[in-house]
Amino acid sequence: MAATVIDGKAFAAQVRGQVAEHVARLKQDHGITPGLAVVLVGEDPASQVYVRSKGKQTVEAGMKSVEHKLDAETSEADLLKVIEDLNNDPSIHGILVQLPLPKHLDEDLVINSIAPEKDVDGFHISNVGLLGTGQKSMVPCTPLGCLMMLRDHHGSLSGMDAVVIGRSNIVGKPMAQLLLGDSCTVTIAHSRTKDLADVVRRADIVVAAVGRPEMVPGDWIKPGATVIDVGINRLDAPEKGEGKTKLVGDVHYESCAAAAGAITPVPGGVGPMTIACLLANTVTACCRANGLAEPEGLTA
Ligand code: GUN
């Protein structure tokens, strides 16, 4: 039977709608407008595209959007001062420093200077620790989006075998913690894993987050498994014309879709969920800062 294609674009639109509704209620009932600040250092073209998109969607959801664009030579002290000011600004509930940072800046130091309760990326060491111990935290956006899609498709994930391929701090590790929190049996696989094919073949849920184009073939997928593809890789596509490129995920879509019960496409799967979850995290942070009830279904 053909796999269900999990439509991340439609799901993200639904999440943004829920966020916008909650924002409208916060304004109407409490006179509060959630605010998100994004800090971009340097001119990395991909980062500029992301930041523009984040700002646009923040405003569309009815929230305040602030952008700090700093030049590539900005000193660590100047960047830390920008973050300190945002930490102390009561109109700002979420702060995101776009990564990667230029080489002369210490990424860990910068991220850990963000007030944990405003760390809508969930990268601060306090949030990492809270998530790891099953306590209320800010949850990284991409894994949160994956979890929402999995819960929506399956209902309960309890007892399922999940394999996360990739051990990054941004996706792999927090994804594994979230799946564990939902009572999956979790394996984290990575570049040194022995016989990855065998490990993946046991999984009811496969989350691929390695950044290697089409590395998971369909014959690794247990029939009926759910495949969540976090990869966004650009490949040359001469078949589309000279100089053309195409986006592919970390799984080989056609063969994996033939075996899977459900699969996220690239593009249009996990990608759109990341910014939707950033907006959700900003509303959550705003509610917590004001001692108000959190939006239901938008947190882990
Ligand atoms: N760069 C790529 N992905 C992300 C993300 O989720 N958050 C931040 N801050 N930077 C990124």
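From the backbone N, Cα and C atoms, a Cβ is placed for every residue, glycine too.
Predicted automatically and left uncurated, TrEMBL annotations should be read as such.
Note that the coordinates shown come from a computational prediction; the quantities given were computed from them, not determined experimentally.
Per TrEMBL, the feature NADP(+) binding site maps to GLY166, ARG167, SER168, ILE232. In three-state terms derived from DSSP, ILE232 (NADP(+) binding site) belongs to neither a helical nor a strand segment and is classed as coil. Using a 10 Å Cβ-Cβ cutoff, ILE232 (NADP(+) binding site) registers 18 neighbours.
For the domain 'Tetrahydrofolate dehydrogenase/cyclohydrolase catalytic' (6-121), the DSSP counts in helix, strand and coil order read 59 helix, 19 strand, 38 coil. According to TrEMBL, the domain 'Tetrahydrofolate dehydrogenase/cyclohydrolase catalytic' annotation covers 6-121.
Taken from TrEMBL, the feature domain 'Tetrahydrofolate dehydrogenase/cyclohydrolase NAD(P)-binding' covers 140-288.
Sequence-distant neighbours of GLY166 (NADP(+) binding site) (same chain, 6+ residues apart, CB-CB distance under 8 A): GLY172, ILE188, ALA189, HIS190, VAL207, ALA208, ALA209, VAL210, GLY211, VAL230, ASP250. Assigned with DSSP, the residues of the domain 'Tetrahydrofolate dehydrogenase/cyclohydrolase NAD(P)-binding' (140-288) fall into helix, strand and coil as follows: 61 helix, 30 strand, 58 coil.
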